[in-house]
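As annotated by Swiss-Prot, S-adenosyl-L-methionine binding site applies to PRO23, HIS24, GLN25, ASP61, ARG62, ARG85, LEU116, ASP117, GLY118, THR119, with the evidence given as similarity to another entry. Annotated domain 'TsaA-like' per Swiss-Prot: 6-136, in sequence order.
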Amino acid sequence: MMLVQLRQVGVIRSPYKNFSKAPHQGRFSKETVEIEIFPEFEDGLKDIETCTHLIVLYWLDRANRDALLVVPPHDSREHGVFATRSPHRPNPIGFAVVELLERDGRVLKVKGLDALDGTPVVDIKPYSSTIDSVGNAKIGWFEEANPQSKLTRLLLRAKEFHGHICPFVALGVRMSVIAMEKLGVEEDAMASVGEDILAIVECNNCLTDGVQVATGCTLGNNSLIYLDLGKNALTIVRRKDWKGVRVYVNAENVRKYFSKEALELFNKVIVRREGSEEDAKRLSEFWEETGWKMLEIPEEEFKVEFVEVQPIERAPIFENKRCEKCGELAMATRVKDGLCLRCAGSYYAVVGRGIVKFDGEMREVV
């Protein structure tokens with residue numbers, strides 16, 4: 001057996017002094033933690049400030065190295081350490097993806113690290129959402145023991161897609177899962193790509209982004225249908241029998257889960273457009289907290305009904321035609337009398353408030 005030697009490259013300065021004070025996962029830590037790199041390794045930090053997120057590997061020096069079976073915090077059953085994230089393991093190497101807030105010489109200020117104060121640092125690497133992120137990754141026993149973890153995983157994916165967590169992107173995730181479970185539809189990306197299931201949304205707000213992430217149904221794969229009805233509602237349909245489940249949420253009813261300060265900031269920052277940068281940042285924090293709450297509100301807050309939908313044709317393949325004015329190719333169905341719709345001066349677009357008519361210069365036609 002090979003003897004592996006590691007060199008400590010730095011140390012973590014953390015507000016967490018013992019296991020009981022640290023969060024179960026660094027991702028849920030809101031504290032700023034400092035990573036001090038030793039002088040002889042300072043050159044290794046060149047260009048690190050260009051990275052937004054880092055992978056930090058550290059040595060869990062207070063762990064039990066004899067453990068091979070553990071009972072994790074979110075399950076009552078025993079599991080092998082290699083199937084868990086337990087700090088107690090033969091080679092206790094900790095792993096965290098952190099946000100780099102600032103570099104000050106040899107000190108990196110980060111957020112998202114749950115390591116204890118004084119923990120040795122083994123290595124640091126840049127994190128890439130393109131290379132490192134696996135959107136459909138699961139821990140089977142964990143999701144079995146914690147049904148809520150599926151919603152958590154989907155909402156974190158929705159955050160990457162939507163840009164932030166807010167109440168209605170979370171409601172889109174929650175409503176999608178409710179509809180799919182009621183319909184007996186498994187989470188399967190190929191089902192949406194093959195148009196075996198369709199998602200019919202009745203709004204074009206944040207909720208729709210949550211639906212796209214949770215169902216895999218998008219405009220681009222022709223499995224998302226938008227009805228310009230202005231309702232917070234979603235229908236998931238099986239193409240094989242056109243049976244579906246429609247889920248509706250009353251926005252007025254869920255407002256009781258919003259804090260008074262969050263609502264006041266929303267009106268100031270979003271409705272009146274009067275907020276400062278600090279107001280916007282504070283609203284974002286409130287919105288994320290409220291978004292997580294939306295995953296836990298009673299299912300009775302949602303109106304759920306089984307429906308049947310009239311058959312909808314699969315997306316056909318159309319030939320292209322060349323516009324006689326601009327010379328560009330356009331779908332044949334969008335060329336009238338030799339002109340593309342833009343050159344003809346009349347077409348429709350989806351904007352923030354729904355479907356509107358534009359002229360050739362993208363001016364709204366009233």
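Glycine residues also receive a Cβ, built from the backbone N, Cα and C atoms like all the rest.
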Mean of the pLDDT scores, which run from 0 to 100, over the domain 'TsaA-like' (6-136): 92
Residue distribution over DSSP helix, strand and coil in the domain 'TsaA-like' (6-136): 23 helix, 45 strand, 63 coil
Neighbouring C-beta atoms (10 Å sphere around the C-beta of GLN25 (S-adenosyl-L-methionine binding site)): 12
Other CB atoms within 10 A, centred on GLY118 (S-adenosyl-L-methionine binding site): 12
Number of other Cβ atoms within 10 Å of the Cβ of PRO23 (S-adenosyl-L-methionine binding site) across all protein chains: 14
